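> First the structure, which I've put down as structure tokens, then a few questions once you've had a look.
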């Protein structure tokens, strides 16, 4: 006997949320996908609430311009599913897994639902292998763990997206594995730039891109990270791959959840965020993990509203991360990029039994000097450097050189800066900073350490500036 379609009718519309009347005995399950057909278009909704009397409330995954009350709504009987497997590589998708790159439609493919359970404790696997990024400040002070979760925190315009793109360039090209990029509520232009940069770098054939940009409704922005994660999970669990998952920007996931929560009639929690903030974040983050079959290493850009790191959105993300890289507007104002604040950043991998004793001691000494330099800032502002003790003068001079040497020219920014990008090996970074701490280069002008990769390049730059070893 042929299965009868479950059909309802729209009874109320408010923006991207609709109420649909179904027969009482055939209400669609929570998270089921609903479909509305208008002319040749199909709009997909996801069931969020059962209101009783056969009415369900659902969230749109695309624009709802042409909707009207009374339109028929079809229950698909399943969750939103996206294509997975080798066919998604080198392609660009929307939240529903539909290609948006103008390429040919996918041939036969497997589809997986975007909602899934996190791996159990028995399936998970702990690892302490360092992921080399080639970026000095990260490799030395905030080392990333393979299979870990990394957060890049910063306000507007401090360089989060550029840092994510540099990490994609450095890790994806050297790592050799597969990558999935989720563009969550960010600019369409950035997605376009990234697509062509990856194509140029030759890593597009190992990458899948999924976008729910800022012009799309909150339902799409809230679910696009799950669509990308579903693709990454398939590579981890069925292809036994080590996968890189880039999310830019995880704050927009929270922001979209807040918009939807208000439309669903929930009472807001702290600072206007949804009361389910911790639960939603946990459901996403707990799926991003390493298992006995493969690993997912996640790099997430996190916008910090009004530069307030204690805001509930970034604060909720903090608890899930292995490494926290904080970008600071004050450092960016000095013209030092990446504008990473070493004193606010941290990594659980910075332990002698993981990175080695020498690396650990050099990193701690660098942080100590920068901390002392920060403490002296008020005295310098009031009395000037001349009033400091000789030992403090030495700390200030050395800290300025260290601060400048933590800057680095990026490959993805060389068309703007005109400086060739640099990838620095961890051992070279540790040795260079060890020599800098020893006072060996105290006589080199501090400007020579800006935007160079190694000490040798700093010496070369100093000579071009008129410095000689006799000075």
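Backbone N, Cα and C define each Cβ position, glycine as well.
This is the feature table in Swiss-Prot:
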BINDING   154, 155, 156, 157, 158, 159, 160, 161  ATP binding site
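Set these features in their place in the structure for me.
The Cβ of residue 155 (ATP binding site) lies under 8 Å from the Cβ of 303, 304, 305, 306, 307, 327, 329, each of these being in the same chain and 6 or more residues away along the sequence. In three-state terms derived from DSSP, residue 155 (ATP binding site) belongs to neither a helical nor a strand segment and is classed as coil.
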> Tell me, if you would, which residue among 154, 157, 159 (binding-site residues) has the fewest other CB atoms within 10 Å in the structure shown?
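Taking 154, 157, 159 as the binding-site residues, the minimal 10 Å Cβ count falls on 157.
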> With Cβ-Cβ distance below 8 Å and at least 6 positions apart along the chain, what are the contacts of residue 161 (ATP binding site)? List them in sequence order.
186, 190, 248, 301
> Residues near the ATP site, 154, 155, 156, 157, 158, 159, 160, 161 excluded, by Cβ within 8 Å of the Cβ center?
303, 327, 332
> Using a 10 Å cut-off on CB atoms, tell me which of the binding-site residues 156, 158 is the least crowded.
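Looking at the binding-site residues 156, 158, the Cβ with the fewest others within 10 Å is that of 156.
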> Long-range neighbours only, meaning 6 or more apart in sequence with Cβ under 8 Å: which ones does residue 160 (ATP binding site) have?
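The answer is 152, 153, 154, 248, 249, 301, 302, 303, 327.
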